[in-house]
Amino acid sequence: MLSPLDFLTDLFNPMLAFLPKALIVALVSSLVAGVVGTHVVLRGMAFIGDAVAHAVFPGLAAAFVLQGSLIVGGATSGVLTAIAVAVFAQNRRVKEDAIIGIFFAGAFALGIVIISFSPGYAGSLQQFVFGSLTGVTDSDLIAVAVVALFVVATLAALHKELVTASVDRESAAALGVPVFALDLLLYILVAVSVVIAVQTIGNILVLALLVTPAATARLLTEKVGTMMVLAPIIGMASSFVGVYLSWSLDLPTGGRHRLDRHRHLPRLLAARPSPRPAATPPTSSTDGPPNAGRAAINWRYDPPSHHRCVHLTTDHRRPDRRLDCRMRTADSCV
């Protein structure tokens, strides 16, 4: 196994120019996926990341067979699938997870059929599925940087609206927030984030890049803003370790990335159960409590399965009173 010093030496070795490129792509992909993955985890839609990861495969395969740009091909396929999922998900007779599952299986099967037209496709298929350090070119590096700037700038500009729609869709719609348009935008951003990570992480394991750092950050903080900072940091640190171990031990890049991201998550899950504080029960007396005319207020944020801020109000004159506070701005609960 290489020492860290030897790894740094290889990074600056002109004969190994592909290695720093792969590391940069992995770090940038982790940065983008960490921010996008925060919204994915908040909405409880981790499965959409897996579906989109497989949905980009036909575009990647077609671009490979036609010797075109993998990023353009994958992004086109992923965006079209994201639009289709967002549109069909509006039909309440069929649940969103069923629609995602249909596209999940069909898109991956189509990708395998397309890439089978290329001679010697078995090796190429393995590169798509598990990732490779040697497949990153200068044009890929530029494309990844441009896409990353676009994704981060879009999320920063629409941060409050996206968080509002993620936490409470009904209230967001009532306040005039374009929920469907934000859903569609988020699906597209997920697709783009997947595409820029496929070459180093692989198509199958790219879901770990979206979900695991954000889920780990969710266990460490209750604030969405802090979560968006922690998730990219966790992802980038894991990517660096993953590339180092992959290069040192000659292991598939995607597998090492996924293992490094999952290393601390089980311990955090066991060490930090989700707290559910309750409202302070009222005290009763014959003459009435000293604060009979005042209410004791306790704020808490329900887990993502509820997606709402709950305002618990206990009134000494009406101890059974409980109000659900529909937030007016995203800042009221983050």
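Cβ atoms are placed via backbone N, Cα and C, with glycine included.
Worth saying up front: this structure is predicted, and the values here are computed from it rather than measured.
Sequence annotations record features per position, and here TrEMBL assigns transmembrane segment to 15-37 (among others).
Per TrEMBL, the feature transmembrane segment maps to 44-64 (among others). Tertiary neighbourhood of the transmembrane segment (44-64): same-chain residues 37, 70, 72-78, 81-82, 85, 96-97, 100-101, 103-105, 107-108, 110-112, 114-115, 118, 124, 128, 187, 190-191, 194-195, 198, 203-204, 206-207, 210-211, 304-305, 307, selected by CB-CB distance under 8 Å and a gap of 6+ residues from either end.
If you look up TrEMBL, you'll see 70-89 (among others) marked as transmembrane segment. Here the transmembrane segment (70-89) has long-range neighbours at 48, 51-52, 55-64, 96, 99-100, 103, 107, 140, 143-144, 147, 180, 183-184, 187-188, 190-192, 194-196, 198-199, meaning same-chain residues at least 6 beyond its ends whose C-beta is under 8 angstroms from one of its own.
Under the heading transmembrane segment, TrEMBL lists 98-121 (among others).
Same-chain residues lying 6 or more positions outside the transmembrane segment (141-159) and placing a CB less than 8 Å from one of its CB atoms are 21, 24-25, 28-29, 31-32, 35-36, 39, 69, 71, 75, 182, 185, 189, 192-193, 195-196, 330. Under the heading transmembrane segment, TrEMBL lists 141-159 (among others).
Among the features that TrEMBL reports, transmembrane segment is placed at 227-247 (among others).
For 270-299, the entry in TrEMBL reads region 'Disordered'.
According to TrEMBL, the compositional bias 'Low complexity' annotation covers 281-290.
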